[in-house]
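Student: First the structure, which I've put down as structure tokens, then a few questions once you've had a look.
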Amino acid sequence: MTNIRKTHPLAKIINNSFIDLPTPSNISAWWNFGSLLGICLILQILTGLFLAMHYTSDTTTAFSSVTHICRDVNYGWIIRYMHANGASMFFICLYMHVGRGLYYGSYTFTETWNIGIILLFTVMATAFMGYVLPWGQMSFWGATVITNLLSAIPYIGTDLVQWIWGGFSVDKATLTRFFAFHFILPFVVSALAAVHLLFLHETGSNNPSGIPSDSDKIPFHPYYTIKDILGALLLILTLMLLVLFSPDLLGDPDNYTPANPLSTPPHIKPEWYFLFAYAILRSIPNKLGGVLALALSILILAIIPLLHTSKQRGMMFRPISQCLFWLLVADLLTLTWIGGQPVEHPYITIGQLASILYFTILLVLMPITSIIENNILKW
């Protein structure tokens, strides 16, 4: 009798994706982040669903409904903090996943890579709209400042901003539509993730050496299911340590003050995972220029496959490129720090230098270094 998991139409898809999937035998822990992102997404959808049962998207009651969740709903506080800190874990995994792709040359799978960039944009949009929902000071002013950036678009900018707001300022209409989009987008992310996986399984996984691994494959289950479970346990442990011991570590104290359109906070800043892009935005004195730089800071990932000049796929055997990669990581950490600082000397200059360095590494130094390394190897 043929095994049902190999014949049943639905079970067959799951079997070919998670059980009998031929996987390179040498993929490291850096390949765990895909499954961790899946776990984060499921966790966010579930906690978000329970929060949505008690949340009201009205300017007069939004803040108090979040307070009500934390004070009166059974285990509401843990659901709320798991959702808030789950977003942080989501972005940590996302950035590590993208970093892995850059380091090991996974961007040569262009379809998978491009769907991944769309996923990144969608998750960022979801997180931004979610941050507006508690209707605290930083929610309100963050929404005002970021949506206002669209007014830099020539000719249609002002109309576009008012269309998004549903009025002449961030108000009830804005909050209601942000809640609607914040609810629906995670399901769009789920669908895109399935497409991401579909394209990945067309080519098979990359591996640390960058060499085709068709001659050395092992089944996904049990080897990588066990490995992924270990990763998941470490993820949940980290998340719960954050939630139970310092749930507000990554948040902003200003968001515990109800939104007040008449009082601007001294330092308006987004959540920590957007600070690097915010620093790039602020480092350009011109509004339109800043908005373009902000968009390009992520869109630049789309042209990385075109800038691949090395004869090797990954950076495993390319020490000079490795140095540049870690310089890029340090630069992004610097930008993240600068994004959270006030706009004054010396932070402005540091931010501008770090922004220039970010684009220079990706657009100029990495392709040139790859050519130099090719010549060193005399290939």
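The backbone N, Cα and C atoms fix where each Cβ goes, glycine too.
Owing to the predicted nature of the structure, the values given are computational and were not obtained by experimental measurement.
This is the feature table in Swiss-Prot:
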type	residues	note
TRANSMEM	33-53	transmembrane segment
TRANSMEM	77-98	transmembrane segment
BINDING	H83, H182	heme b b562 binding site
BINDING	H97, H196	heme b b566 binding site
TRANSMEM	113-133	transmembrane segment
TRANSMEM	178-198	transmembrane segment
BINDING	H201	ubiquinone binding site
TRANSMEM	226-246	transmembrane segment
TRANSMEM	288-308	transmembrane segment
TRANSMEM	320-340	transmembrane segment
TRANSMEM	347-367	transmembrane segment
Student: I'd like the number of other C-beta atoms within 10 A of the C-beta of H83 (heme b b562 binding site), please.
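Tutor: 21, counting other Cβ atoms within 10 Å of H83 (heme b b562 binding site).
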Student: Out of these binding-site residues, H97, H182, H196, H201, which one has the fewest other C-beta atoms within 10 Å of its own C-beta?
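Tutor: Minimum Cβ neighbour count within 10 Å, taken over the binding-site residues H97, H182, H196, H201, occurs at H201.
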Student: Three or more CB pairs closer than 8 Å, sequence separation of 6 or more: does that hold for the transmembrane segment (77-98) against the transmembrane segment (226-246)?
Tutor: yes
Student: C-alpha of H182 (heme b b562 binding site) to C-alpha of H196 (heme b b566 binding site): distance in Å?
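Tutor: Taking the Cα atoms only, H182 (heme b b562 binding site) lies 21 Å from H196 (heme b b566 binding site).
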Student: Below 8 angstroms Cβ to Cβ, which residues of this chain, lying six or more residues outside the transmembrane segment (226-246), approach it?
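Tutor: Answer is 29, 32-33, 35-36, 39-40, 43, 78, 81-82, 85-86, 88-89, 93.
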Student: Work out how many Å separate H196 (heme b b566 binding site) and H83 (heme b b562 binding site) at their Cα atoms, rounded off.
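Tutor: On Cα coordinates alone, these residues lie 24 Å apart.
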